[in-house]
Amino acid sequence: MADKLSVAIVGSGNISTDLLYKLLRSEWLEPRWMIGIDPESEGLARARKLGLETSHEGVDWLLARDEKPDMVFEATSAYVHRDAAPRYAEAGIRAIDLTPAAIGPGVIPPANLREHLDAPNVNMVTCGGQATIPMVHAVSRVVDVPYAEIVASVSSASAGPGTRANIDEFTKTTSAGVEVIGGARRGKAIIILNPADPPMIMRDTIFCAIPEDADHAAITQSVKDVVAEVQTYVPGYRLLNEPQFDEPSVVNGGNHLVTIFVEVEGAGDYLPPYAGNLDIMTAAAAKVGEEIARERVATSTTGAQA
């Protein structure tokens with residue numbers, strides 16, 4: 001087994017803390033540092049107890065060190081990452097961005113991870129994107145998708161102030177991902193914050209317009225194959241029932257339609273299981289980081305043999 005890549009987590013909130021627990025299980029990545037700005041942060045306290053070096057002095061502290069990480073996962077805010085990203089690049093640190101900054105290409109593991117393994121900075125799109133774009137991709141790789149619409153319903157309890165402040169950005173970024181990554185010619189995204197108590201787990205509905213002569217069996221199989229792929233890093237990702245095919249009607253805009261229903265239950269590492277919307281972000285980020293590390297080791301090995 002090759003040496004693990006050293007990792008710093010920038011941000012010490014709920015997402016960063018959940019990500020930490022996932023990275024501690026990784027065979028390819030070694031979390032060494034957690035950076036925040038609040039000295040009383042529970043995330044920093046937990047990281048210290050788990051043996052990480054921590055600081056509340058932000059990115060300046062990390063980049064001033066003689067030993068720098070191979071990779072950084074950033075779960076702060078878009079404006080913080082926009083400032084820090086050029087500095088990571090200058091220091092030769094690979095960046096995985098869990099904010100809406102979207103400086104690097106958006107990555108949805110089942111759809112386009114292999115295309116961006118050498119990118120210096122990759123963006124994890126949005127939680128709704130991670131849950132629904134794989135399904136749009138599953139359909140669009142079989143048939144043309146002129147229009148796709150996703151509706152992400154998440155527990156209000158799992159949506160913090162950052163999510164609430166960025167609802168418009170969420171819909172814009174996710175809609176773009178449905179098109180650019182999912183493969184739909186036109187995309188739309190809707191998010192619903194459900195105030196139900198006890199909190200409900202994340203549920204998503206994906207509508208794709210399809211040709212009249214679409215092969216329903218091939219689409220269904222493609223959907224199931226992609227669900228299985230997502231389950232390799234998010235075991236709680238599942239179809240609620242078989243894809244539903246509908247004839248054109250006034251309700252669906254006169255399109256032949258396939259509708260896919262999924263739910264996402266979190267692993268409960270740090271965040272509660274109902275917060276599948278946050279869990280799929282951290283799990284996907286860990287997956288991307290591990291694949292980048294695996295590719296780097298493979299490239300190094302090939303170079304050494306040559």
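Note that Cβ sites are derived from N, Cα and C of the backbone, with glycine treated the same way.
Keep in mind it's a predicted model, so treat the numbers as computed, not measured.
Now, the feature entries from Swiss-Prot:
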| type | residues | note |
| --- | --- | --- |
| ACT_SITE | Cys127 | active site, acyl-thioester intermediate |
| BINDING | Ser12, Gly13, Asn14, Ile15, Ser158, Ala159, Gly160, Pro161, Gly162, Thr163, Arg164, Ala165, Asn166, Asn277 | NAD(+) binding site |
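Summary: among the binding-site residues (Ser12, Ser158), the fewest other C-beta atoms within 10 A of the C-beta are counted at Ser158. Here Cys127 (active site, acyl-thioester intermediate) comes close to Ala152, Val154, Met202, Asn277, Leu278, Ile280, Met281: these same-chain residues lie at least six apart in sequence, with C-beta atoms under 8 angstroms from its C-beta. In this entry, Ser12, Gly13, Asn14, Ile15, Ser158, Ala159, Gly160, Pro161, Gly162, Thr163, Arg164, Ala165, Asn166, Asn277 make up the residues listed for NAD(+), with the farthest two CA atoms of the set 19 Å from each other. Take the CB of Gly162 (NAD(+) binding site) and look out to 10 A: across all protein chains shown you find 16 other CB atoms.
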